[in-house]
Amino acid sequence: MLQYPHINPVALQLGPIKIHWYGLMYLLGIFAGWYLTRYRAKVKPWAPIKPEQVGDLTFYVALGVILGGRIGYIIFYNLPYYFHNPSQMFFLWDGGMSFHGGFIGVLIAFALFARKIGANFFDLGEFVAPVIPIGLGAGRIGNFINGELWGKVTDSPLGMVFPTGGPLPRYPSQLFEFFFEGVVLFSVLWLVTIKKRPRYLVLGLFMFLYGCARFICEFFRQPDPQYGYIFFNWMTMGQILSIPMILLGAVILIAVFIKIRKNKCKNI
C-alpha cells in the first residue's frame, strides 16, 4: 500500500489570506499554457495568432476555464446542494471544478476571441490543443493535494488511505488521470506537432484521446455520491459527459483521413 503524503492544502498564509495549492496548480497550468502558446506563435508560420496576442487569449481562456469549470460542476454534479447553499458557489479553493464545463467555457472563449481578432475558430483550437493537457495535469495534482476525487476501494499495492476517504485504501485515481490526461496526452500531441501533419489532426486527437482516457480512468474513480452509477449500473456522469468528446473527436479524425485519401488535406 502506498502512503498518502498529507500535504497541507494551504500553501501559504499571509494573515487572514490563505493561498491554496489547488489554486496555485491552476495558475501554474495557465502560466505554462501561456508560455508554450507564445513560443508556438513565434515558431509556427501557420499560427492563427501573433505572439503579442497570446496574453489576451490566455485571459479569455482562464475566464472560460474558471467560470465554465465552476458552473459546469454546479450544474452537472451538485445542483441541489448549491441551490440550497448559494454562497458556496464562490468557494473555489475548496475544489469543485468540472473539466467538461471548463471545456465548454474554453470553446466560448475561443469563439469570442477568434471573432475579435478575425481568426478561424477551428484553427485556434488546433493551435492551442497541444498545451491543454498541462492544465489538466496540474488540476489533477491539485485534486490529489486536496485529498478529493479519490478512487474506489482496492486491495491493490497502488491503494492509499485518503484523509476523507474512510479507513480503507483506495486507488489514487487523481494520479492516474494526471498521468494519462496530462503526461501521456501532452507527450502524444506535442510529438505529433513537431512535424507537418494534416490540419485538425491534433484537435481531433485531443478530443478523442482525452475522452477515452477520462472514460477509462472513471472505472477506478469513486462515483459522485449524489449520482452514483447512472446507466447500466456502471456508467458515471464523467463517462456520460466524455462520450460526446469521443464521438466528436472521432468525426474530426475520420474527416481528416477522408481528406488525406482524396489528397485534399492541407498540411501545417
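These residue numbers are counts, starting from 1, taken along the chain as shown.
Just so it is clear, glycine is given a Cβ too, placed from its N, Cα and C backbone atoms.
What Swiss-Prot records for 14-34 (among others) is transmembrane segment, and it gives sequence analysis as the kind of evidence.
According to Swiss-Prot, the transmembrane segment annotation covers 57-77 (among others).
Positions annotated as transmembrane segment by Swiss-Prot, on the basis of sequence analysis: 90-110 (among others). Counting residues 6+ beyond its ends, the transmembrane segment (90-110) has Cβ neighbours under 8 Å at 18, 20, 22-23, 60-61, 63-78, 121, 124-125, 128, 132, 136, 139, 142-143, 146, 148-149, 214, 238, 241-242, 245 in the same chain.
Annotation comment: Swiss-Prot describes 117-137 (among others) as transmembrane segment.
Among the features that Swiss-Prot reports, transmembrane segment is placed at 174-194 (among others), with the record citing sequence analysis. Within its own chain, the transmembrane segment (174-194) is flanked in space by residues 40, 129-131, 133-134, 136-138, 140-141, 143-144, 148-151, 201-202, 205-206, 209-210, 213-214, 216-217, 220-221, which lie at least six positions past its ends and keep a Cβ under 8 Å from the stretch.
Residues or ranges marked as transmembrane segment by Swiss-Prot: 200-220 (among others). Residues of the same chain lying 6 or more positions beyond the ends of the transmembrane segment (200-220) and with a Cβ under 8 Å from any Cβ of it are 99, 122, 125-126, 129-130, 132-133, 136, 151-152, 171, 173, 176-177, 180-181, 184-185, 188-189, 192-193, 234, 236, 238-239, 242-246, 248-253, 255-256.
Sequence annotations record features per position, and here Swiss-Prot assigns transmembrane segment to 240-260 (among others).
Just going by CB pairs under 8 A, the stretch in 57-77, 117-137, 240-260 that sits most against the transmembrane segment (14-34) is 117-137. Non-local neighbours of the transmembrane segment (117-137) in the same chain are 26, 29-30, 32-33, 36-37, 40-41, 44, 46-49, 53, 57, 61, 65, 99, 106-107, 110-111, 177-178, 181-183, 185-186, 189-190, 192-193, 199-200, 202-203, 205-206, 210, 268; each lies 6+ residues outside the stretch with a CB under 8 Å from one of its CB atoms.
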